[in-house]
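Structure first, then comments.
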Amino acid sequence: MTDLSADLVQQKQRLREKLRFRRKHFAANLDGMAQLAAFRALPAPLSERLAGHAVVGAYVAWGDEPDILPMFAGVAEAGALALPHHAARIDAMDFRRWRPGEPLEKGPWSTQQPADHAALVTPDIIFCPLVGFDRKGGRIGQGGGHYDRYFAAHSGALRIGIGWSVQEIDATPRESTDIALDAILTEQEFILCGDRL
Ligand SMILES: Nc1nc2c(c(=O)[nH]1)N(C=O)[C@@H](CNc1ccc(C(=O)N[C@@H](CCC(=O)O)C(=O)O)cc1)CN2
Ligand SMILES: Nc1ncnc2c1ncn2[C@@H]1O[C@H](COP(=O)(O)OP(=O)(O)OP(=O)(O)O)[C@@H](O)[C@H]1O
(Lines of atoms letter the chains of each structure in order from A and count residues from 1; the text may use other names and numbers.)
(Lines give C-alpha, C1' and ligand atoms only; values in the text may rest on other atoms or scores of the structure.)
(Ligands and ions follow the chains in the order given, each with its own letter.)
Protein backbone atom coordinates (compact mmCIF):
# COMPACT_ATOMS: atom_id res chain seq x y z
CA MET A 1 0.00 0.00 0.00
CA THR A 2 1.38 3.45 -0.89
CA ASP A 3 1.57 6.20 1.74
CA LEU A 4 -1.14 8.05 -0.15
CA SER A 5 -3.63 5.19 -0.02
CA ALA A 6 -2.75 4.44 3.62
CA ASP A 7 -3.60 8.07 4.38
CA LEU A 8 -6.94 7.78 2.52
CA VAL A 9 -7.85 4.65 4.47
CA GLN A 10 -7.11 6.49 7.73
CA GLN A 11 -9.13 9.54 6.67
CA LYS A 12 -12.08 7.31 5.80
CA GLN A 13 -11.87 5.49 9.12
CA ARG A 14 -11.96 8.79 11.04
CA LEU A 15 -14.96 9.94 9.00
CA ARG A 16 -16.71 6.62 9.58
CA GLU A 17 -16.46 7.03 13.36
CA LYS A 18 -17.76 10.60 13.23
CA LEU A 19 -20.60 9.71 10.86
CA ARG A 20 -21.70 6.63 12.83
CA PHE A 21 -21.94 8.87 15.92
CA ARG A 22 -24.03 11.42 13.99
CA ARG A 23 -26.27 8.68 12.59
CA LYS A 24 -26.82 7.17 16.02
CA HIS A 25 -27.92 10.47 17.55
CA PHE A 26 -30.09 11.40 14.61
CA ALA A 27 -31.89 8.03 14.62
CA ALA A 28 -32.34 8.14 18.42
CA ASN A 29 -34.03 11.54 18.18
CA LEU A 30 -36.43 10.77 15.33
CA ASP A 31 -39.97 10.78 16.69
CA GLY A 32 -42.49 8.05 15.90
CA MET A 33 -44.31 9.98 13.16
CA ALA A 34 -41.06 10.83 11.41
CA GLN A 35 -40.00 7.17 11.57
CA LEU A 36 -43.28 6.13 9.98
CA ALA A 37 -43.00 8.66 7.17
CA ALA A 38 -39.35 8.15 6.26
CA PHE A 39 -38.44 5.89 3.32
CA ARG A 40 -42.02 4.88 2.56
CA ALA A 41 -42.36 6.12 -1.04
CA LEU A 42 -40.03 5.66 -3.98
CA PRO A 43 -39.18 8.73 -6.09
CA ALA A 44 -40.76 8.58 -9.58
CA PRO A 45 -37.57 7.81 -11.57
CA LEU A 46 -37.06 4.72 -9.42
CA SER A 47 -40.64 3.47 -9.37
CA GLU A 48 -40.66 3.68 -13.19
CA ARG A 49 -37.59 1.40 -13.30
CA LEU A 50 -39.15 -1.05 -10.88
CA ALA A 51 -42.39 -1.28 -12.84
CA GLY A 52 -40.55 -3.28 -15.52
CA HIS A 53 -40.01 -6.29 -13.18
CA ALA A 54 -36.48 -5.26 -12.28
CA VAL A 55 -34.83 -7.36 -9.57
CA VAL A 56 -34.23 -5.12 -6.56
CA GLY A 57 -31.31 -5.62 -4.19
CA ALA A 58 -32.19 -4.14 -0.77
CA TYR A 59 -30.97 -4.92 2.76
CA VAL A 60 -32.35 -5.72 6.21
CA ALA A 61 -31.65 -2.67 8.38
CA TRP A 62 -29.01 -3.11 11.05
CA GLY A 63 -28.49 -0.71 13.97
CA ASP A 64 -29.36 2.84 12.96
CA GLU A 65 -29.69 2.22 9.23
CA PRO A 66 -33.01 3.27 7.64
CA ASP A 67 -35.51 0.41 7.24
CA ILE A 68 -36.36 0.36 3.54
CA LEU A 69 -38.15 -3.00 3.26
CA PRO A 70 -41.68 -1.49 3.60
CA MET A 71 -40.94 0.46 0.41
CA PHE A 72 -40.48 -2.83 -1.44
CA ALA A 73 -43.49 -4.80 -0.17
CA GLY A 74 -44.95 -5.11 -3.69
CA VAL A 75 -41.59 -6.05 -5.22
CA ALA A 76 -41.11 -8.73 -2.56
CA GLU A 77 -44.59 -10.21 -3.10
CA ALA A 78 -43.81 -10.40 -6.84
CA GLY A 79 -40.66 -12.43 -6.06
CA ALA A 80 -38.32 -9.71 -7.34
CA LEU A 81 -36.54 -8.82 -4.08
CA ALA A 82 -32.98 -9.89 -3.30
CA LEU A 83 -30.92 -9.38 -0.13
CA PRO A 84 -27.15 -9.45 0.48
CA HIS A 85 -25.72 -12.78 1.58
CA HIS A 86 -22.29 -13.95 2.76
CA ALA A 87 -21.49 -17.68 2.98
CA ALA A 88 -18.57 -16.87 5.33
CA ARG A 89 -16.56 -13.79 6.30
CA ILE A 90 -13.90 -14.55 3.69
CA ASP A 91 -16.46 -15.01 0.91
CA ALA A 92 -17.60 -12.28 -1.43
CA MET A 93 -21.03 -10.78 -0.89
CA ASP A 94 -23.75 -11.97 -3.27
CA PHE A 95 -27.52 -11.48 -3.47
CA ARG A 96 -30.18 -14.13 -2.79
CA ARG A 97 -33.88 -14.02 -3.53
CA TRP A 98 -36.12 -13.51 -0.52
CA ARG A 99 -39.93 -13.50 -0.20
CA PRO A 100 -41.96 -12.32 2.82
CA GLY A 101 -42.49 -15.24 5.21
CA GLU A 102 -39.22 -16.96 4.28
CA PRO A 103 -36.64 -17.27 7.06
CA LEU A 104 -33.83 -14.80 7.61
CA GLU A 105 -30.66 -15.96 9.31
CA LYS A 106 -27.83 -14.18 11.09
CA GLY A 107 -24.92 -13.92 8.64
CA PRO A 108 -21.18 -13.97 9.43
CA TRP A 109 -21.20 -10.15 9.75
CA SER A 110 -24.24 -10.22 12.08
CA THR A 111 -26.64 -8.83 9.49
CA GLN A 112 -29.88 -10.69 8.69
CA GLN A 113 -29.69 -12.60 5.40
CA PRO A 114 -31.62 -15.21 3.36
CA ALA A 115 -30.90 -18.90 3.99
CA ASP A 116 -27.83 -20.41 2.29
CA HIS A 117 -30.03 -22.44 -0.08
CA ALA A 118 -31.96 -19.36 -1.36
CA ALA A 119 -31.57 -18.74 -5.11
CA LEU A 120 -28.65 -16.63 -6.27
CA VAL A 121 -29.83 -13.61 -8.31
CA THR A 122 -28.24 -10.53 -9.84
CA PRO A 123 -30.14 -7.33 -9.01
CA ASP A 124 -30.78 -4.71 -11.71
CA ILE A 125 -30.86 -2.00 -9.07
CA ILE A 126 -29.10 -2.05 -5.70
CA PHE A 127 -30.08 -0.01 -2.64
CA CYS A 128 -27.07 0.07 -0.33
CA PRO A 129 -26.81 1.39 3.23
CA LEU A 130 -24.42 4.30 3.71
CA VAL A 131 -22.25 5.45 6.55
CA GLY A 132 -21.50 8.67 4.64
CA PHE A 133 -22.04 10.25 1.22
CA ASP A 134 -21.40 13.38 -0.82
CA ARG A 135 -23.55 14.93 -3.57
CA LYS A 136 -21.32 13.62 -6.34
CA GLY A 137 -22.06 10.00 -5.44
CA GLY A 138 -19.03 9.44 -3.22
CA ARG A 139 -19.79 6.79 -0.62
CA ILE A 140 -18.43 5.57 2.69
CA GLY A 141 -19.62 2.10 3.76
CA GLN A 142 -18.73 -0.24 6.62
CA GLY A 143 -15.15 -0.45 5.38
CA GLY A 144 -15.12 -4.03 4.16
CA GLY A 145 -15.15 -3.13 0.46
CA HIS A 146 -18.01 -5.66 -0.02
CA TYR A 147 -20.29 -3.34 -1.99
CA ASP A 148 -17.31 -1.87 -3.91
CA ARG A 149 -16.32 -5.34 -5.09
CA TYR A 150 -19.90 -6.25 -5.97
CA PHE A 151 -20.36 -3.00 -7.93
CA ALA A 152 -17.07 -3.58 -9.80
CA ALA A 153 -18.20 -7.07 -10.84
CA HIS A 154 -21.77 -5.96 -11.73
CA SER A 155 -21.31 -2.51 -13.21
CA GLY A 156 -24.63 -2.61 -15.10
CA ALA A 157 -26.68 -2.54 -11.89
CA LEU A 158 -27.92 0.88 -10.79
CA ARG A 159 -26.45 1.95 -7.44
CA ILE A 160 -28.70 3.86 -5.03
CA GLY A 161 -27.30 4.88 -1.64
CA ILE A 162 -29.61 5.09 1.38
CA GLY A 163 -28.85 7.29 4.34
CA TRP A 164 -30.16 9.90 6.76
CA SER A 165 -29.56 13.50 5.62
CA VAL A 166 -27.06 14.09 8.47
CA GLN A 167 -24.71 11.56 6.88
CA GLU A 168 -23.83 14.03 4.11
CA ILE A 169 -20.28 15.39 3.95
CA ASP A 170 -18.70 17.85 1.48
CA ALA A 171 -16.45 15.32 -0.21
CA THR A 172 -15.54 11.69 0.50
CA PRO A 173 -11.89 10.67 0.17
CA ARG A 174 -11.82 8.57 -3.03
CA GLU A 175 -9.73 5.44 -3.52
CA SER A 176 -9.17 3.97 -6.98
CA THR A 177 -11.53 1.09 -6.14
CA ASP A 178 -14.43 3.37 -5.12
CA ILE A 179 -17.36 3.34 -7.54
CA ALA A 180 -19.76 6.29 -7.53
CA LEU A 181 -23.45 6.03 -6.72
CA ASP A 182 -26.10 6.87 -9.34
CA ALA A 183 -28.32 8.50 -6.74
CA ILE A 184 -28.83 8.93 -3.02
CA LEU A 185 -32.14 8.76 -1.18
CA THR A 186 -32.46 10.37 2.25
CA GLU A 187 -35.54 11.06 4.41
CA GLN A 188 -35.48 14.55 2.90
CA GLU A 189 -34.50 14.31 -0.75
CA PHE A 190 -33.54 12.31 -3.80
CA ILE A 191 -30.11 13.35 -5.09
CA LEU A 192 -29.20 12.39 -8.66
CA CYS A 193 -25.51 11.84 -9.40
CA GLY A 194 -24.19 11.02 -12.85
CA ASP A 195 -26.41 10.42 -15.88
CA ARG A 196 -27.75 6.87 -15.63
CA LEU A 197 -31.12 7.82 -14.16
N1 LIG B 1 -27.99 -3.96 6.80
C2 LIG B 1 -26.83 -4.23 6.22
N3 LIG B 1 -26.65 -5.36 5.58
C4 LIG B 1 -25.46 -5.62 5.00
C5 LIG B 1 -24.38 -4.72 5.09
C6 LIG B 1 -24.59 -3.50 5.78
O7 LIG B 1 -23.74 -2.63 5.89
N8 LIG B 1 -25.83 -3.31 6.33
N9 LIG B 1 -23.16 -5.04 4.51
C10 LIG B 1 -22.18 -4.12 4.17
O11 LIG B 1 -21.11 -4.43 3.75
C12 LIG B 1 -22.93 -6.46 4.21
C13 LIG B 1 -22.54 -7.18 5.48
N14 LIG B 1 -21.20 -6.91 5.79
C15 LIG B 1 -20.74 -6.16 6.85
C16 LIG B 1 -19.39 -6.04 6.99
C17 LIG B 1 -18.86 -5.32 8.03
C18 LIG B 1 -19.69 -4.72 8.95
C19 LIG B 1 -19.15 -3.94 10.12
O20 LIG B 1 -19.83 -3.26 10.83
N21 LIG B 1 -17.91 -4.04 10.38
C22 LIG B 1 -17.30 -3.42 11.54
C23 LIG B 1 -16.38 -4.43 12.19
C24 LIG B 1 -17.09 -5.69 12.49
C25 LIG B 1 -16.18 -6.73 13.05
O26 LIG B 1 -15.02 -6.81 12.62
O27 LIG B 1 -16.65 -7.49 13.88
C28 LIG B 1 -16.50 -2.24 11.18
O29 LIG B 1 -16.08 -2.12 10.01
O30 LIG B 1 -16.28 -1.41 12.08
C31 LIG B 1 -21.05 -4.84 8.81
C32 LIG B 1 -21.57 -5.55 7.77
C33 LIG B 1 -24.14 -7.08 3.62
N34 LIG B 1 -25.31 -6.81 4.39
N1 LIG C 1 -12.88 -3.88 -6.41
C2 LIG C 1 -12.03 -4.12 -5.39
N3 LIG C 1 -11.06 -5.07 -5.53
C4 LIG C 1 -10.21 -5.31 -4.51
N5 LIG C 1 -10.24 -4.69 -3.33
C6 LIG C 1 -11.17 -3.77 -3.13
C7 LIG C 1 -12.12 -3.44 -4.15
N8 LIG C 1 -12.93 -2.49 -3.66
C9 LIG C 1 -12.52 -2.23 -2.39
N10 LIG C 1 -11.45 -2.99 -2.08
C11 LIG C 1 -10.72 -2.99 -0.81
O12 LIG C 1 -11.59 -2.81 0.29
C13 LIG C 1 -11.08 -1.81 1.16
C14 LIG C 1 -12.21 -1.11 1.87
O15 LIG C 1 -12.87 -0.29 0.93
P16 LIG C 1 -13.69 0.98 1.38
O17 LIG C 1 -13.00 1.71 2.49
O18 LIG C 1 -14.02 1.74 0.13
O19 LIG C 1 -14.97 0.27 1.99
P20 LIG C 1 -16.44 0.74 1.99
O21 LIG C 1 -16.81 1.27 0.65
O22 LIG C 1 -16.63 1.64 3.14
O23 LIG C 1 -17.15 -0.63 2.28
P24 LIG C 1 -18.32 -1.37 1.47
O25 LIG C 1 -17.98 -1.34 0.00
O26 LIG C 1 -18.36 -2.74 2.05
O27 LIG C 1 -19.55 -0.60 1.77
C28 LIG C 1 -10.27 -0.89 0.27
O29 LIG C 1 -9.24 -0.24 0.97
C30 LIG C 1 -9.73 -1.83 -0.78
O31 LIG C 1 -8.47 -2.35 -0.35
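Each residue, glycine too, has its Cβ placed from N, Cα and C.
TrEMBL lists Lys12, Gln13, Arg14, Leu15, Arg16, Arg139, Ile140, Gly141, Gln142, Gly143, Gly144, Gly145, His146, Tyr147 with the feature ATP binding site. Note: Arg16 (ATP binding site) has non-local neighbours Val131, Gly132, Ile140, Gln142, Gly143, i.e. same-chain residues 6+ apart with C-beta under 8 A of its own C-beta.
The DSSP secondary structure for Glu65 (substrate binding site) is coil. The 10 Å shell around the Cβ of Glu65 (substrate binding site) contains 18 further Cβ atoms across the protein chains shown. TrEMBL lists Val60, Glu65 with the feature substrate binding site.
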Maximal Cα-Cα distance (Å) across residues annotated as binding ATP, namely Lys12, Gln13, Arg14, Leu15, Arg16, Arg139, Ile140, Gly141, Gln142, Gly143, Gly144, Gly145, His146, Tyr147:
20
Have a look at the binding-site residues (Arg14, His146) and report the one with the fewest Cβ neighbours inside 10 Å.
Arg14
Give me the CA-CA distance between Lys12 (ATP binding site) and Val60 (substrate binding site), in Å, as a whole number.
24
About how far apart, in whole Å, are the alpha carbons (Cα) of Gly144 (ATP binding site) and Glu65 (substrate binding site)?
17
Near ligand 1, which of the binding-site residues Arg14, Gly144, His146 have CB less than 6 Å from any of its atoms?
Gly144, His146
